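According to TrEMBL, the protein has these features:
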| type | residues | note |
| --- | --- | --- |
| TRANSMEM | 20-39 | transmembrane segment |
| TRANSMEM | 59-79 | transmembrane segment |
| TRANSMEM | 91-111 | transmembrane segment |
| TRANSMEM | 132-159 | transmembrane segment |
| TRANSMEM | 165-184 | transmembrane segment |
| TRANSMEM | 285-310 | transmembrane segment |
| TRANSMEM | 345-369 | transmembrane segment |
| TRANSMEM | 389-409 | transmembrane segment |
| TRANSMEM | 415-440 | transmembrane segment |
| TRANSMEM | 447-464 | transmembrane segment |
| TRANSMEM | 517-540 | transmembrane segment |
Amino acid sequence: MPTELEDIVEHMRRFAWPDYLVFVSMLLLCILIGVYFGFVQRKPNTEAEYLMGGRTMLVFPIALSLIASFISGITLLGLPTEVYSFGIQYVYVALGVTLMGFVMGFIYLPVFHKLNITSTYEYLETRFDRRLRMFGSIMFTIMNIGYLPIVIYVPALAFNQVTGVNIHVITPIVCIVCVFYTCVGGLKAVVWTDVVQTFSMFGALVLVAIKGTIDLGGSDIVFRRAWDTGRLELPNFDINPTTRHTFWSQLIGGFVYWLQTNAVSQNMIQRYLSLPSVAAGRRALWIFVFGVCLLMSLCSYCGLLIYATYQNCDPLTTKLARAKDQLLPLFVMDILRDLPGLSGLFVAGVFSAALSSLSTCLNSMSAVILEDFVKPFVHKPLSQRTINWIMRSVVVGVGSLCAALVFVVEKMGTVLQLTMSLEAITNGPLLGTFTIGILIPWVESRSALTGGIFGVIFMSWLSLKAQYWVATGTIVFPHKPMSVDGCTYDFDRSSINATSTSVYTTDDIFPLFRVSYMWYTFLGAAVTILVSLLCSVLIFGRNDPKTVSPDLMAGFVRRYIHGPDVTLNERGASNACGKNGKTLHESAL
């Protein structure tokens, strides 16, 4: 058995031809699905068919697509490391996910579904004005362009760990495959590849969990070692918002974060709107909630399993795993290296998560660019040929940009943290703006826009400043106990007791910068709503709620404003009307 660190890595790295065969087969299957829906299945080549699947999609594949779209390679690789390092406190976010299911199913989803829209941000123009629509679309675009390169880069690191193949060889190949089937097959190809990729993700995690547990001697050893080191623990009911994970941050902060991601983001809403009814959307929503909770549980168990295996020789301390996101791939190499094809199945599962997130965002970007950045600014209707050209050009252009930005992600060490901060900057204000529209009809467009802009500025200041203190080592999150006493190989021990060189301490930092990241979306939404309400009272005046169409409000707000007997579309056309009486499609022209 090798004793040097590099020798250990090379000894584990056995990605044989059966592994490559499994991985390539997954990519080929995605291509074939795109070919089927793009060339074999004869459907009208229309905008509605390409972006919304003709609004006749089935519940179960849409639900699996939602799971695959939300669970990226970052989650598959990051959550086991989170549990390994900090314990299972994060997993209590499942309570927030469940609460989100109730709120979204009865408040947000019915409003969007009955409007018959393509882009979520069409709602903002109808409820407020075009400025709010552009605000939402720009925030969505910025967030996706910053996020997508990481979606590809992180699983490429895993591929590099198990094969040694340079990340700039594999990322263009994967991007080309994803762009191809998204471009030619539209939403249906995206959804059905997501179905395959969801089974691949679950299969990879179950495989790793079963093989690792057998090797260790049973799940009782896993849980006992986790309990002894505090990784398996009851919820922390501390009310201090600066504590990284508490019951309250996971329930309330997690609920708000998942509400934004699932209830108002174009990436997710576009799938719900492809279903034929609200009832079908609710069924897909609850399958999504159950599936995500199950997948998070599997990832968390793998994190506990990794700790139980490396209890006496932490690979993060020894640098056997060069980056935190390479911890799970390292474990896979260790336990599956002598079983041809199974390492390939795991890598296929990780890349499946990446492909599903990338294809979802590409398809959603084509919808947003077409509906929000092109159609509102042309003076005559676009031909179907022009629409098809625009939609597919967006997919190719954004996909190529993401592949190029992987070089930036690789060179800039803090870009991962900065991009996560960027997500927090946009998520909270967007949720706040949509919530104002659906629940607070007394707020008019100028107040809502002011609140949204102020929310973005506030969250930029808060999250970027907080990430600066984290990057300098001033804000440090203590890990659960780790040990290297049982290591059987040589490694550099000089960094074990290294401390931060910052002249500041955590107590010197302004408390707001020490607030847990789980509260960021909540803070962004709260600031946006509060500033909008203050502007309505002090500056721009209150809006007459009776001028807002019932279709644009949540059911209980609609009944309060217009009375219990009002029905949807009673005060307007079949598409919701704004104060000027125009339909959604008319207001977009």
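Using N, Cα and C of the backbone, Cβ positions are placed for all residues, glycine too.
Keep in mind that this is a model prediction, so the values were computed, not measured.
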Whether the transmembrane segment (447-464) meets the transmembrane segment (132-159): three or more C-beta pairs under 8 angstroms: yes
Top partner of the transmembrane segment (345-369) among 91-111, 165-184, 285-310, 389-409 - counted as Cβ pairs under 8 Å: 389-409
Per Cβ pairs under 8 Å, the stretch of 20-39, 91-111, 165-184, 285-310 packing most closely against the transmembrane segment (59-79): 285-310
Contacting positions for the transmembrane segment (132-159) when only residues 6+ beyond its ends and CB under 8 Å are counted: 72-74, 77-78, 119-122, 124-125, 165, 167, 170-171, 174-175, 265-267, 323, 325-326, 328-329, 347, 350-351, 353-354, 357-358, 361, 364-365, 368-369, 372-373, 376, 398, 401-403, 405-406, 408-410, 415-416, 419, 422-423, 426-427, 429-430, 433-434, 445, 448-449, 452-453, 456
Candidate ranges 91-111, 165-184, 285-310, 389-409 - greatest C-beta contact count to the transmembrane segment (20-39) (under 8 angstroms): 165-184
Winner by Cβ pairs under 8 Å against the transmembrane segment (285-310), considering only 91-111, 165-184, 389-409: 91-111
Remote residues contacting the transmembrane segment (389-409) - C-beta distance under 8 A, at least 6 residues beyond either end: 47, 50-51, 144-145, 148-153, 156, 167-168, 171-172, 175-176, 178-179, 182-184, 358, 361-363, 365-367, 369-370, 374, 382, 415-416
Other parts of the chain folded back onto the transmembrane segment (165-184), taken as Cβ under 8 Å at six or more residues beyond its ends: 27, 30-31, 33-35, 37-39, 152-153, 156-157, 159, 190, 193, 351, 354-355, 358-359, 362-363, 392, 395-396, 399-400, 402-403, 406-407, 410
